Structure formats: C-alpha cells, structure tokens
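**Q** Annotations per TrEMBL:
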DOMAIN    36-486  domain 'Major facilitator superfamily (MFS) profile'
TRANSMEM  34-54  transmembrane segment
TRANSMEM  74-94  transmembrane segment
TRANSMEM  101-120  transmembrane segment
TRANSMEM  126-148  transmembrane segment
TRANSMEM  160-181  transmembrane segment
TRANSMEM  187-208  transmembrane segment
TRANSMEM  299-318  transmembrane segment
TRANSMEM  344-366  transmembrane segment
TRANSMEM  373-391  transmembrane segment
TRANSMEM  397-419  transmembrane segment
TRANSMEM  431-451  transmembrane segment
TRANSMEM  463-483  transmembrane segment
Amino acid sequence: MAGDDDAEAGGGAECCYYTTDDALSHVGFGRFQALVLAYAGVGWTAEAMEIMLLSFVGPAVKDEWGISGQQQGLITSVVFAGMLIGALFGGALSDTYGRRTGFLFTAVVTGMFGFLSALSPNYICLIAIRFVVGIGLGAGHVLGTWFLEFVPAAKRGTWVVVFHCSWTFGTILQALIAWAIMPVLGWRWLIALSSSPCFILLIFYGVTPESPRYLCSRGRTADAKFILEKIAKMNNMALPSGILIVPLQRSDNGVDLETIRPLIISQDNAATDVGLSSKSRSINAFRTLLSRRFIRSTLLLWFVFFAFSFAYYGIVLLTSELSTGEKWCAPVGMHLRQQNDARFYINVLVTSIAEFPGQILAALLVDRVGRKLSMGGFVFLCFIFVAPLAAPLGEGLATTLLFSARTCITASYAVLYIYGPEIYPTSCRNTGVGVATSVGRIGGMVAPLVAVGLLENCHRKEAVFVFDLVLCLAAVACALFPLETKNCQIQ
C-alpha cells in the first residue's frame, strides 16, 4: 500500500499539489489585485509627496525663521537619515511579523508625525519630528513588495511598473497642492495636507489581506489558502485542484515531492519556525542575504541602488539648476526662494512629468526583454544623455537632454524595484530590499553634496563626469547580476 501511495503521489504530482505561484497564475490578475494596487498606490503616493514636500518647505522655513543655508539643507538630510534607518527596520519587521505589520508601521509613523511637524514651534522641533517622519517613509518599500506578492509571474513586471506610476503621480500632485496652498496659507498647511494619504491607509487597513506568500513561508498554509480562495472568488475564477504546498526546491522537471511532502501541513500543526524568536528570524534573514548563494546578487544590488539614487537626485538637481539659465555658479537652490513665482512650480511640474515616459517604457519592455537587459539598457542611455551636458549648450537642448535622462533613470529605477524583491526568498525579501534601499538613501544624501560643491565652484564638467562615471559603473553592475527573473516564479 505504501508503495502504491508513493507511486500515486509521484505520478499525480501535478494534479495533487500546487504552489502559491501556480494558484496566482491560475486565477490571473483581476479585481482583487486591482484593489491591492489601489491601496499600495496610495501609500507610494504618500511617500512621493513627503519627499517632494522638501523642495517647498525648506526655502519657506528659511525665510520665516531666518535660518542659514546649512540649516535649511539639514531639514532634507535628516529625512534621508531617518529613511535609512526606517528601511532597515521596516524590512526586518515585515519579514518577521508580516507585510501588514510593516505597512501599518509606515502609515502610522509617517502620518502621525507628518501632521505633528506642521505644528512645530521652532527649528529644532521641526528637525526632530521630520527625522521620525523619515523613519516611517523608509519602511514604505514594504507596500511595493506586498503588492508584488499578489501578482502572477507573467504580468508581474508590467503591473509593478504601473504601481510605481503612483510615485510620479504623487510628485505632480504635491507640486499642484503647493502651488495652490503655499502663496495663500503657507508651509504649515502644506505639511498637514500632505500627511492625509497616510490616514487613508489607516482607514482601510482592517480589510487588507496578509500576503499568502508570507503565510506559506511561515507554514500557515491554511491561512494562505483562505486568502487565495478569496482572490479566486473576487476574480471569478477557481483555484487549482489539490493541496497547497510550499516547495523548498525545484528540479528541472518540476517540484521535488520528497522535499515538499513534509511541508503539507495543517494550521493546527504548522511546521514553521514559530519556535524561533523574532531576533533569530531577523538574524537568519541577514545571514541569507550574505550567504554563498546570494552574496554576489546582494553586493551588486547594494551598489546599483546607491548608483541609481545618486544619479536620480543628481539629475533632479541639474534640472533645477537649469531654471537659473546659464548661472551655473549661482548658489544651488537660490531660485527655490521664489515661492510665489509661477515659473518655479511649472518647472517642477515639467520635470516630474518626464517620469511618465520612463514608467511607460519600463512597463512595455520589462516582461519582454527581461529585467537585466532593460535595466542596464536604460541606465546606459541615461549615461549617453548626461554626457553632453559637460559642454555649454543652449537651454532648449539642455532641457531636452535632462528630460530624456530623467526618463531613463526613472525607467531603470522602476525595473530595479521589480528585480530586487524577485531575487530573494519570501522569508527575507523585505529585509533584502530594505538593506538595499538604505544603501540607496546614502546615494541620495551624497549626490547633493557632490553636485553643490562642484557647481557652486563652477566645475560643471567635473560634476557631469562624476554622475556619468557612476551611471557607467551601474550599467556594468546590471550586466553582472547572476539571475534573470523574467517569467520566473519568485521563491
């Protein structure tokens, strides 16, 4: 009988067992994923608004409180410093306690302290509160990973790029709100209104589902199947027949049943690592990132996140400098003080709109040519568009080149946020992305320091050379990634 059972299990594996990836591919992308996309998109919009907010609040606070230029810059720096910490903490939190806990943390901290910062009585208080806001913002990447884990493999790249369009929407929305609010009500009202998307997240938090991939990684297959059944019902589909399993390995011919059979479990007797402490789980997640299997991908991912962030904020800075005409040696950010000048807001809107073509190109190519080629190709095109800026150019040509460069770096970033989560297993996915985005925040902090120092001293060629060198190295790093994850089931 045992032999017959083994033969039956081995011969009918395909009809008796299915994975989370199999289930999601079977039910497809439908109404359920659309609602998840809308919820996660609100969170990503909130993060973009808080980052864009820094362009308007700093100069206004400087004028009102009479602080120095260095103190104004610190308002931005402390937010990035907080994001560095928040990315690490939020990733570990969501891998240990669940995705829902991760984005509850980012919504509560960002929303509450974002609103409180509007009531700051003095500069020191504002700096302290904005640092805490940065910690909340840093955990925002959890929303992207949560959405990704509900999307079928065949459409994952395209739909994650669509999710990232909410970032561009947030930057444009913030510019429009600032244009309407700042001249009339001032920066405090702008900060208060900018925190509202986070409260929308909290209102609907109770109906958000946990990621079935996370539940399976904890051995909670009964809970995972319940959510998958809800997805199938909302999409007017049915789950595959058989038992939901958690494969640890896959052979060339499919699932290795000898590996997965011990993991076919019930909720009451889950074979999970629940016996491990939260500290042990976090340590194991970090060990996985630096294990022999992932060390190459991890180090390359860290560098690429750093390079993309460095280049992105460098291009934004070069674009804003263009609004001063040919005054390349003027103090950086001088034009931002003209808060009542419509041209300033129009310039911000135009440069933000440049990101939409990048999102569209990434969506069209990422599932066709693959992650590595599209990411590396976009960053190399960005390198080509930035290089001519070292020479004196007419304003029209310079604007065109910077518009194209921002399009390409945005497309590269969109693909990177797809590829990063895909290369790690569910048990450490958010930890891996969190550490990588923390390294990226360092690039965002360093870029203005490099550009400001060079441009204020009339070293435009040197500034362009530094950014182009980083872009070139990033293109090489993309080619060196060992994995291509197009159409692959995430682990």
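The chain as shown is numbered from 1 upward.
Glycine is treated like the rest: Cβ placed from N, Cα and C.
I would like each feature placed in context: is it buried or exposed, what are its neighbours, and how far apart are things?
**A** Summarising model confidence by region, the domain 'Major facilitator superfamily (MFS) profile' (36-486) averages a pLDDT of 76.
With a cut-off of 8 Å between Cβ atoms, the residues of this chain six or more beyond the transmembrane segment (34-54) that come close are 75-76, 79, 103, 106-107, 110-111, 114, 133, 137, 140, 143-144, 146-147, 150, 159, 162-171, 173-175, 177-178, 190-191, 194-195, 197-198, 200-201, 204, 208-209, 234, 352.
Counting same-chain residues at least six beyond the ends of the transmembrane segment (160-181), those with a Cβ under 8 angstroms from any Cβ of the stretch are 37, 40-42, 44-49, 51-53, 56, 144, 147-148, 151, 189-190, 193-194, 342, 345, 348-349, 352-353, 355-356, 359, 362-363, 366, 410, 413-415, 417-418.
Within the same chain, residues 36, 39, 42-43, 45-46, 49-50, 53, 56-57, 60-61, 64, 100, 103-104, 106-108, 110-112, 114-115, 117-119, 174, 177-178, 181 sit at least 6 positions outside the transmembrane segment (187-208) and bring their C-beta atoms closer than 8 Å to a C-beta of that stretch.
Within its own chain, the transmembrane segment (299-318) is flanked in space by residues 332, 351, 375, 379, 382, 386, 389, 402, 405-406, 409-410, 412-413, 416, 420, 423, 432, 435-437, 439-444, 446-448, 450-452, 463-464, 467, 470-471, 473-474, 477-478, 480-481, which lie at least six positions past its ends and keep a Cβ under 8 Å from the stretch.
Taking Cβ pairs closer than 8 Å, the transmembrane segment (373-391) reaches residues 304, 307-308, 311, 315, 318, 358, 361-362, 365-366, 397-398, 401-402, 404-405, 408-409, 411-412, 415-416, 419, 460-461, 464-465, 467-468, 471-472, 474-475, 478-479 in its own chain, all 6 or more past its ends.
Beyond the transmembrane segment (397-419), the same-chain residues lying 6 or more positions past its ends with a Cβ under 8 Å from any Cβ of the stretch are 141, 144, 148, 156-157, 160-161, 164, 168, 304-305, 308, 311-312, 315-316, 318-319, 322, 350-351, 354-355, 357-359, 361-363, 366, 371-372, 374-375, 378-379, 381-382, 385-386, 388-389, 474, 481, 485.
Remote same-chain partners of the transmembrane segment (431-451), defined as residues 6 or more beyond its termini with a Cβ less than 8 Å from a stretch Cβ, comprise 73, 76-77, 80-81, 83-85, 87-92, 95, 138-139, 141, 145, 282, 285-286, 288-289, 294, 298, 301-303, 305-314, 317-318, 332, 420-421, 423-424, 463, 466-467.
Residues 296-297, 300-301, 303-304, 307-308, 310-311, 314-315, 318, 372, 375-376, 379-380, 382-383, 386-387, 389-390, 412, 419, 423, 450-451, 454-455 of the same chain lie 6+ residues outside the transmembrane segment (463-483) yet bring a C-beta within less than 8 angstroms of a C-beta in it.
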**Q** Mind checking which residues of the chain, 6+ beyond the ends of the transmembrane segment (74-94), have their Cβ under 8 Å from one of its Cβ atoms?
**A** 50-51, 54, 57-58, 61, 101-103, 105-106, 109, 126-127, 130-142, 145-146, 282, 285, 430-435, 437-438, 441-442, 444-445, 448
